[in-house]
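Single-structure report; data block below.
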Amino acid sequence: MKVVSRKLRLLRSKAQKNYVWEWERHSWKPGPQRRLVSGQHRKQGRNNRGVITSRHRGGGHKRKYRLIEFQRKKLEIIGLVTTVEYDPNRSAPISLVHYEDGEKSYVLGCRGLRRGDHLIASPNAPIEAGNALPLRRIPLGTAVHNIELQPGQGGQIARAAGSLALLIAKEGLFAALRMPSGEVRLVPQRCYAVIGQVSWHPGWGLPAKKAGWKRWVGRRPKVRGAAMNPVDHPHGGGEGRAPVGRKRPLTPWGFPTLGRRTRDRHKHSSVLILRRRKSGKSVL
């Protein structure tokens, strides 16, 4: 077992007896800033009519939503990272930034960015972790995250824990980025991106050691279609453990699944995709 200077053993059950959560040395425990949080209504996977549109969602611990600054509006103003905090709404930690003009905001935690470090959003900012620059001012081969798809829209790409995209080419008004999925996509060079890789929690990526972990995060049990009756699922029925009995696996509503492409073939942004994810085939 890895020995750390500061550790907390979680749940002394047999399933987790060897688990050690390594808390970051500069983590913050008193809680989030009141002015930077808001309440949120848990929809439990239902739409406005109360119909389940996303299965296996519901329950979970109460959360307050942290207002994250995905769009760096404070240009040319230096910010000081004061805390690194846990955010229950995302897989990555967040950092509290105090700007020189007195305002505070939350930004996504960046790998290598610790308490006491400075960051800035500027076209002339140095190429350092946590700084935000337009893609046209970032050198090729740089790892970036929290990337805008349209100028001024705020970061939308590479925001999960451990995510990064690589800037691989520039031509004309667009820059080519290799996404975490392997997709190569064109993004306007005027869009802002943050230098570096998204940070992660020490226990991120570890498998759940008990069913209660899934319930804490709002995930309900998944029942296999083969375990249902034929009235409930196309895979259901039969004597004992019967096979699917169809040419291909189907969803509960009879549509093909497990390999069927779900992206709209006529989506307008498809012209900006140079290479599809995982397939390696050019679409231009």
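A Cβ is built for glycine as well, from the same backbone N, Cα and C atoms used for every other residue.
If you check TrEMBL, you get these features:
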COMPBIAS  260-284  compositional bias 'Basic residues'
DOMAIN    45-121  domain 'Large ribosomal subunit protein uL2 RNA-binding'
DOMAIN    127-256  domain 'Large ribosomal subunit protein uL2 C-terminal'
REGION    32-60  region 'Disordered'
REGION    225-284  region 'Disordered'
- prompt: When you scan the chain for residues with a C-beta under 8 Å from the region 'Disordered' (32-60), skipping those not six or more beyond its ends, what do you find?
  reply: 66-67, 85, 96, 104-106, 215-222
- request: Determine how many residues of the domain 'Large ribosomal subunit protein uL2 C-terminal' (127-256) DSSP places in helix, in strand and in coil.
  value: 12 helix, 36 strand, 82 coil
